[in-house]
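**Q** Quick paste of what TrEMBL says about this protein:
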| type | residues | note |
| --- | --- | --- |
| ACT_SITE | A:Asp7 | active site |
| ACT_SITE | A:Glu68 | active site |
| ACT_SITE | A:Asp141 | active site |
| BINDING | A:Asp7, A:Asp141 | Mg(2+) 1 binding site |
| BINDING | A:Glu68 | Mg(2+) 2 binding site |
2 protein chains.
Amino acid sequence: MRVLGVDPGLTRCGIGVVDIAPNRTATMVAVDVVGSPAGMELPQRLLVISEAIESWLERYQPQVLAVERVFSQTNVSTVMGVAQVSGIVIAAAARRGISVALHTPSEVKAAVTGSGRADKAAVTKMVTKILRLEQEPKPADAADALALAITHAWRSGPNSSAAAGGQLTPARKLWLEAEAKAKKNSERSSKQQWR
Amino acid sequence: MRVLGVDPGLTRCGIGVVDIAPNRTATMVAVDVVGSPAGMELPQRLLVISEAIESWLERYQPQVLAVERVFSQTNVSTVMGVAQVSGIVIAAAARRGISVALHTPSEVKAAVTGSGRADKAAVTKMVTKILRLEQEPKPADAADALALAITHAWRSGPNSSAAAGGQLTPARKLWLEAEAKAKKNSERSSKQQWR
C-alpha cells in the first residue's frame with residue numbers, strides 16, 4: 001500500500017510518501033516540505049501548495065492520502081491557513097478518486113510512538129527508526145507527514161488496531177515491534193560495517 | 001467588470017456572478033447555492049463544491065473572484081469547513097490566473113447597506129434593490145455571494161471609496177444612490193403596469 005501523508009500548513013506543508021508491505025514494513029519513497037513566504041499574497045501561497053500536491057499525486061500515484069484532521073481550537077493564529085491548505089489537499093485527492101483518511105495528532109503520536117502525548121522529537125525519532133532512515137527527516141513537518149502516512153497504513157491494515165489482540169495496547173505493541181526492528185536493523189548495519 | 005462572489009460554506013456555499021458597468025450599474029448574471037448534506041464524507045463534500053466552482057469559473061469567465069475573508073474567531077463550529085472551502089475556491093481562481101479579492105463581512109455590509117453592522121435581512125434587501133431583482137435572492141448565502149461581488153466592484157472601481165469625495169461616507173453615498181435608483185425603477189415598473 002502506498003500512502004501520501006500531508007501535514008498541512010501555509011508556510012511549511014510536509015509531504016511524504018511511504019510504501020507499506022503486507023508484513024507491515026514501512027519504506028520511505030519521498031519526502032519534502034513545500035511552502036511559501038508569509039509576505040506572499042494568500043492566493044499565490046495556496047496556488048504553490050495546490051500545484052505541489054497535484055504534482056505529487058501525479059508522480060507517486062498513492063492509493064490513499066492521509067492528512068491531519070484540523071481543529072479550530074489549536075493554534076488560532078495559523079489554523080485558518082492550515083484549514084485552507086487541508087481543503088485544497090483533500091479536494092485534490094477526491095478529484096482523482098484517491099481515498100482520503102483524516103487522523104488527529106494524538107492518533108498519529110499514539111500509532112508511531114505508543115503515546116498520544118509524545119512530543120515532536122519523539123515522533124521524529126520513531127519515524128526515523130520505523131523507516132530505517134540514516135538521518136532524521138527535517139523539519140518536523142516532514143517527519144509529521146511521514147508519521148501520518150505510517151499511521152494510516154498501520155491503523156487500517158489487516159493487523160491494525162481493530163484486528164490486534166493481546167494485553168498490550170495496539171499502539172504500544174507497534175512501538176515495541178518497531179523498536180525491536182530498529183534495533184535489529186542497527187545491529188545488522190553495525191555487522192555490515194565490520195564485515 | 002464581471003465578478004464572481006463566493007460566500008464559502010460546506011452545507012451551503014453561495015455563488016453569484018455580477019456584471020458592473022462603467023457607470024457602476026450592477027446586473028446579476030447568475031446566482032446559486034451549492035452544498036452538501038452534513039452526513040456526506042468530508043472529501044466528497046469538498047469535491048462537490050470544488051467541481052461547482054470550477055464549472056462556474058469556466059462558464060462565466062469572471063475577471064475577479066471575491067470571497068469572504070474568514071476569521072478564526074467567528075462561529076467555531078463551522079469555521080473549519082468554511083476555511084477549507086475558501087482555500088479550494090481561492091486556489092481554483094489562482095490556478096486560472098483570475099485575481100482574488102478578500103473582503104470582511106463588515107466591508108460587505110458597509111459597501112452594500114452603508115453600515116458595517118447591518119443584519120442579513122438589510123443586506124438581502126439592498127442587494128435586491130441594487131441588482132433590480134423582482135424577488136429577494138434566497139437563502140441568505142445567495143444574497144451574500146452577490147453582495148460580495150458588488151462590494152468588490154464598487155470598492156475597486158474608478159469611483160471607489162478611495163476615489164470618492166464629499167461629506168457623505170462613500171458607503172452611505174452608495175446606499176443613497178442605490179436607494180434612489182431602486183425607487184425610480186419601482187415607479188417605472190408601476191407605470192408600466194398601468195400603461
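All positions are counted from 1 along the displayed chain.
Every residue gets a Cβ built from N, Cα and C, even glycine.
Nobody curates TrEMBL annotations by hand; they come from automatic prediction.
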**Q** Under DSSP, is A:Glu68 (active site) part of a helix or a strand, or is it coil?
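**A** For A:Glu68 (active site) - judged by DSSP and reduced to three states - the answer is strand.
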**Q** Long-range same-chain neighbours of A:Asp7 (active site), Cβ under 8 Å, sequence gap at least 6?
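**A** The answer is A:Cys13, A:Gly14, A:Ile15, A:Glu68, A:Asp141, A:Ala142, A:Asp144, A:Ala145, A:Leu148.
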**Q** When DSSP is mapped onto helix/strand/coil, what comes out for A:Asp141 (active site)?
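**A** Where A:Asp141 (active site) sits, the three-state DSSP reduction gives helix.
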